[in-house]
């Protein structure tokens with residue numbers, strides 16, 4: 001009996017958990033700067049955000065997060081938005097609730113709107129006029145991780161983003177990493193115009209193909225963006241290029257010095273060899289310890305070698321050449 005009781009307790013708790021709405025909502029009271037949680041009810045398979053007669057009149061904001069949108073879809077539970085109540089809020093946060101079109105709540109954007117968070121929904125198209133209104137009013141707007149698609153329907157928005165040239169060019173890489181920041185520094189788009197998660201250059205070509213007929217100016221802007229992107233990419237490589245060029249110059253200088261030294265060495269050796277054998281002089285160097293003395297002999301062939309190693313100032317005697325020997329011989333004859 002105890003096991004059966006425990007089984008039914010777990011079964012009942014599981015069914016109760018599935019019946020409970022998978023949405024957590026809070027309202028914000030600006031007087032004490034506090035968020036208060038309130039329950040969301042399902043009426044006729046429909047959830048209305050914000051809920052009727054649940055939020056006090058002095059609430060300044062609404063925040064709802066759908067924890068299990070798959071559960072709501074499987075059970076055919078739809079979400080409707082009460083735009084008449086939304087107009088009274090300055091802070092609207094509807095996260096992960098499967099919103100497919102921003103126009104569902106755009107009618108509830110009042111002039112006092114100061115914050116809009118629609119992250120993790122299923123937005124595919126953002127109307128140009130709605131986004132322009134949010135940006136002009138300097139409203140912090142978070143639209144990232146949606147499913148915005150390429151195509152003609154988003155051409156006005158695409159053109160608007162390209163016109164944000166100063167900011168857009170600076171954040172071009174981040175744009176393709178699912179983020180773009182507008183000039184008011186408060187509006188962010190993540191995963192904008194996914195195009196099947198195409199890389200940056202393919203995205204430009206793909207989206208431009210759809211929008212060039214309606215906005216011819218896009219072609220010029222895309223070329224500017226591409227050139228700017230390439231310039232920014234190359235700027236990051238400048239230090240490496242400088243280092244590589246410097247290393248190349250040093251290695252070339254080293255090789256040049258080595259080559260110059262080898263050439264000079266070879267040239268000096270060749271010059272020394274020529275001066276030793278082909279100088280044209282007839283003087284034969286003698287060993288200092290042995291000289292010839294011609295004081296007592298008239299003829300060179302009868303000269304006697306004398307040892308002068310003991311004398312400090314021993315004379316160095318000139319040795320006659322072969323021609324001189326021939327002349328002396330002819331004289332003798």
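Including glycine, each Cβ sits where the backbone N, Cα and C put it.
Noted in Swiss-Prot for the protein shown:
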- 1-31: signal peptide (SIGNAL)
- 32: N-linked glycosylation site (CARBOHYD)
- 32-239: topological domain 'Extracellular' (TOPO_DOM)
- 39: N-linked glycosylation site (CARBOHYD)
- 44: N-linked glycosylation site (CARBOHYD)
- 76: N-linked glycosylation site (CARBOHYD)
- 82: N-linked glycosylation site (CARBOHYD)
- 101: N-linked glycosylation site (CARBOHYD)
- 112-133: repeat 'LRR' (REPEAT)
- 181: N-linked glycosylation site (CARBOHYD)
- 185: N-linked glycosylation site (CARBOHYD)
- 195-237: disulfide bond (DISULFID)
- 219: N-linked glycosylation site (CARBOHYD)
- 240-260: transmembrane segment (TRANSMEM)
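Here the features listed in Swiss-Prot are placed on the structure.
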residue: 32; record: N-linked glycosylation site; DSSP (3 states): coil
residue: 39; record: N-linked glycosylation site; DSSP (3 states): coil
residue: 44; record: N-linked glycosylation site; DSSP (3 states): coil
residue: 76; record: N-linked glycosylation site; DSSP (3 states): coil
residue: 82; record: N-linked glycosylation site; DSSP (3 states): coil
residue: 101; record: N-linked glycosylation site; DSSP (3 states): strand
residue: 237; record: disulfide bond; DSSP (3 states): coil
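When the glycosylation sites 76, 82, 101 are ranked by how far their Cα is from the Cα of residue 44 (N-linked glycosylation site), 76 comes first. If you draw a 10 Å sphere around the CB of residue 237 (disulfide bond), it holds 10 other CB atoms from the protein chains shown.
Residue 101 (N-linked glycosylation site) sits 15 Å from residue 82 (N-linked glycosylation site), counting Cα to Cα. In space, 82 is the closest of the recorded positions 32, 76, 82, 237 to residue 39 (N-linked glycosylation site), judged by Cα positions. Summarising model confidence by region, the topological domain 'Extracellular' (32-239) averages a pLDDT of 72.
There are 8 other Cβ atoms within 10 Å of the Cβ belonging to residue 76 (N-linked glycosylation site). Note on the glycosylation sites 32, 39, 82, 101: the fewest other CB atoms within 10 A surround the CB of 32. The two recorded residues, residue 237 (disulfide bond) and residue 76 (N-linked glycosylation site), show a Cα separation of 55 Å.
In this structure, the C-alpha atom of residue 76 (N-linked glycosylation site) lies 38 angstrom from that of residue 32 (N-linked glycosylation site).
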